Amino acid sequence: MIPVTELRYFADTQPAYRILKPWWDVFTDYISIVMLMIAVFGGTLQVTQDKMICLPCKWVTKDSCNDSFRGWAASSPEPTYPNSTVLPTPDTGPTGIKYDLDRHQYNYVDAVCYENRLHWFAKYFPYLVLLHTLIFLACSNFWFKFPRTSSKLEHFVSILLKCFDSPWTTRALSETVVEESDPKPAFSKMNGSMDKKSSTVSEDVEATVPMLQRTKSRIEQGIVDRSETGVLDKKEGEQAKALFEKVKKFRTHVEEGDIVYRLYMRQTIIKVIKFALIICYTVYYVHNIKFDVDCTVDIESLTGYRTYRCAHPLATLFKILASFYISLVIFYGLICMYTLWWMLRRSLKKYSFESIREESSYSDIPDVKNDFAFMLHLIDQYDPLYSKRFAVFLSEVSENKLRQLNLNNEWTLDKLRQRLTKNAQDKLELHLFMLSGIPDTVFDLVELEVLKLELIPDVTIPPSIAQLTGLKELWLYHTAAKIEAPALAFLRENLRALHIKFTDIKEIPLWIYSLKTLEELHLTGNLSAENNRYIVIDGLRELKRLKVLRLKSNLSKLPQVVTDVGVHLQKLSINNEGTKLIVLNSLKKMVNLTELELIRCDLERIPHSIFSLHNLQEIDLKDNNLKTIEEIISFQHLHRLTCLKLWYNHIAYIPIQIGNLTNLERLYLNRNKIEKIPTQLFYCRKLRYLDLSHNNLTFLPADIGLLQNLQNLAVTANRIEALPPELFQCRKLRALHLGNNVLQSLPSRVGELTNLTQIELRGNRLECLPVELGECPLLKRSGLVVEEDLFSTLPPEVKERLWRADKEQA
């Protein structure tokens with residue numbers, strides 16, 4: 001007989017996989033072991049015990065053996081003796097029945113009756129139990145054996161266990177306990193900032209990733225102290241870094257598909273179907289396991305008898321085992337149905353770390369999907385602590401804090417130079433994103449002109465910043481930077497531009513008001529009315545050299561501090577994010593303004609206060625709610641106005657007074673509802689750029705030929721059917737945007753535009769292109785924006801010239 005301990009082999013998987021087994025899989029595995037025991041026990045008994053014991057029947061009625069002669073006599077007044085040639089004698093007392101059969105005949109009868117008359121369910125019951133149990137085990141463990149899933153599971157478990165046991169995770173939890181049990185007292189704010197000023201230079205980064213956020217009072221205190229505990233050694237740090245890389249690659253690989261989820265779902269469905277099948281036929285056939293079996297076989301010529309009464313010795317035990325087996329299958333099936341319900345009820349292909357993000361400092365922990373999410377859901381059924389610890393290695397903030405342990409060694413000068421880029425202003429800039437601090441090697445980049453610090457909490461600018469003699473621009477995006485006195489003295493004399501992006505107004509460092517040489521200030525964040533009191537600070541009024549002020553916020557009116565510094569401003573830009581801006585009379589005080597941008601301020605009319613700003617050269621009223629611009633007549637007093645941007649509004653028509661703006665060089669009226677262009681517009685003879693795209697125009701007036709200085713014309717996405725010949729008198733045209741109209745043809749006079757470098761024709765009803773396009777000497781194939789089949793209508797020599805021009809440029 002097989003030892004019970006050997007049966008565990010069929011149910012046990014690799015020990016490491018136990019964390020992927022929810023409680024229902026554990027239950028079903030143990031139930032399967034019990035089922036195997038039933039099968040082995042029943043099969044062993046069937047092999048070792050007598051299968052059937054049969055005796056001939058002397059009294060037979062209708063092929064049925066009567067229990068006694070009296071029963072036979074009562075049922076048959078004229079008895080017959082079909083099963084024997086011997087006449088029965090009256091029962092005169094208890095006498096035995098003797099048969100003249102030998103042992104071999106009995107064995108033969110037992111075998112024949114067992115094979116032919118015993119019901120198949122009673123005969124094969126142990127083997128059926130064994131077969132069904134093996135199928136259950138195969139379904140439960142197939143995903144651990146199938147190569148496409150087992151490889152992912154093995155890799156996942158390996159990484160998960162390493163992350164769980166990583167010193168980085170352990171020290172992070174220890175740091176959390178320290179922070180909770182030993183908060184800094186509130187009164188140490190002043191002492192900490194004064195007595196430890198020198199220690200804040202090149203502040204050591206925390207060695208651990210705290211699992212809980214610091215208390216609000218600690219953040220408000222702004223204490224910067226040196227962490228002396230929890231520093232990983234180099235080997236542990238490298239191991240943790242390698243884990244981060246493994247997690248990234250594994251996540252990228254596993255999130256591509258959902259084969260693990262689908263296979264687990266299918267094997268669960270198969271088990272439910274199998275359960276229903278077993279219950280249906282087992283309950284139906286279990287009553288066929290009987291102790292007494294009548295056996296009628298045609299072997300009278302061999303034994304002298306035709307009917308036998310047989311006993312099935314294992315019937316009672318098999319019926320008990322069958323009942324127990326049915327109860328186990330029912331329990332097994334209920335667990336499988338619960339598993340299926342769990343999988344259908346929950347979105348298992350998405351896993352959110354929202355709770356961990358809320359209770360920790362890892363607000364950037366990404367949600368995962370597909371097989372990665374499903375495996376994490378299974379892990380949560382085993383122990384949610386695994387996924388919480390694993391989440392540390394999904395956070396970029398956590399990774400950056402780990403790097404900070406050896407920041408100066410990792411961020412070598414050569415590595416930082418590789419991150420240097422040229423911005424749009426052709427300045428050399430370095431962007432540091434989500435680090436734990438500023439590497440000391442940054443201050444060896446003496447050629448650096450722009451330094452961007454984004455999402456760097458609790459950073460302290462050290463005195464060594466004075467080495468960056470070329471630094472003129474600093475960006476602080478969600479970075480409440482502290483600064484030491486020598487560093488502030490350097491920035492006060494050298495910094496020219498400062499960009500600050502914040503969520504809370506308190507993130508704006510107070511030391512910026514000491515930057516007396518500052519010329520540009522960009523503020524992006526919440527500056528609503530209830531927060532205005534925070535920015536009415538006398539220090540900002542000391543920025544006497546401020547020339548450019550950009551505000552991207554949700555103001556209801558201009559803060560007083562803006563008005564105070566506006567006397568010497570040259571450029572003011574307000575992007576109000578769709579909030580209505582009222583009370584603009586204070587603009588009159590900004591007499592030195594040359595550029596004014598009021599973007600997304602929900603303006604319905606052009607503010608009258610603008611008309612008194614006689615130095616204005618550019619006005620941008622993008623994305624407001626302008627429906628009429630009758631006030632444009634007052635722009636004639638702005639003699640220096642060269643650029644007017646009224647785009648992304650709801651303007652229905654252009655007033656004829658626009659012709660008074662004779663100095664206008666650029667006019668943006670795209671994304672409006674204009675249906676007609678007044679002739680007076682073409683009195684603006686200095687126009688070089690005219691954008692009327694995305695309107696409702698149906699034609700271009702012939703007077704457009706008056707714009708002899710026009711270099712760029714855009715009428716994309718209108719309903720223009722034809723181009724006036726006068727358009728091609730604008731010989732200085734370099735770009736002509738005509739896409740998405742209803743043009744039927746392109747005039748051959750297009751060849752007269754000898755300065756044309758770009759023409760857009762896509763989305764029209766053109767059937768062919770004029771050959772005269774080849775007469776535009778500066779036009780290249782890349783500058784001809786048109787459908788490929790339409791381009792093919794050009795003669796080969798024209799196409800060849802356009803292609804050749806592109807190649808020559810390359």
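Using the three backbone atoms N, Cα and C, a Cβ is placed for every residue, glycine included.
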Legend entry - Recorded membrane side (Swiss-Prot) equal for Ile19 and Glu245: yes
Inset, instruction - Given the candidates Thr80, Thr200, specify the residue that Swiss-Prot annotates with phosphothreonine. - result: Thr200
Legend entry - Annotated residue, phosphoserine, per Swiss-Prot; candidates Ser181, Ser202, Ser360: Ser202
Legend entry - From Asn83, Asn526, the one Swiss-Prot labels N-linked glycosylation site: Asn83
Legend entry - Per Swiss-Prot, the disulfide partner of Cys113, chosen from Cys57, Cys163, Cys280, Cys295: Cys295
Legend entry - Candidate cysteine (Cys65, Cys139) that Swiss-Prot pairs with Cys57 in a disulfide: Cys65
Inset, instruction - Give residue numbers and ranges for long-range contacts of the repeat 'LRR 5' (493-515): same chain, 6 or more residues beyond its ends, CB-CB under 8 A. - result: 452, 469, 471-483, 521-527, 531, 534-535, 537, 539-540, 542-543, 548
Inset, instruction - Can you check how the pLDDT averages out over the repeat 'LRR 11' (639-661)? - result: 94
Inset, instruction - For the repeat 'LRR 5' (493-515), give the DSSP counts of helix residues, strand residues and coil residues. - result: 10 helix, 5 strand, 8 coil
Inset, instruction - Mind tallying the repeat 'LRR 15' (732-753) by DSSP state, helix then strand then coil? - result: 5 helix, 3 strand, 14 coil
